[in-house]
């Protein structure tokens with residue numbers, strides 16, 4: 001069993017190793033959420049996760065603008 005100075009060194013080494021592993025994963029909620037936003041409104045540049053939500057947004061926020069062709073066949 002490690003004692004004293006050796007124990008402290010071991011803890012520091014382990015902490016550094018764990019930080020590198022966490023950094024290399026690069027998975028956090030912010031990047032995952034950003035990757036899920038695939039549809040972008042052409043008028044206001046807001047992003048939506050699916051076409052249904054995109055159509056609802058477009059109909060409520062931009063009623064005077066013509067509906068984009070990719071939303072013609074989507075059911076809201």
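Note that Cβ sites are derived from N, Cα and C of the backbone, with glycine treated the same way.
These come from TrEMBL:
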- 17-31: compositional bias 'Basic and acidic residues' (COMPBIAS)
- 52-62: compositional bias 'Basic and acidic residues' (COMPBIAS)
- 1-37: domain 'Small EDRK-rich factor-like N-terminal' (DOMAIN)
- 39-61: domain 'C2H2-type' (DOMAIN)
- 1-31: region 'Disordered' (REGION)
- 50-76: region 'Disordered' (REGION)
Near the domain 'Small EDRK-rich factor-like N-terminal' (1-37), which same-chain residues lie under 8 Å Cβ to Cβ, leaving out any that are not at least 6 residues past its ends?
47-49
Per DSSP, what is the residue tally for the region 'Disordered' (50-76) in helix, strand and coil?
14 helix, 0 strand, 13 coil
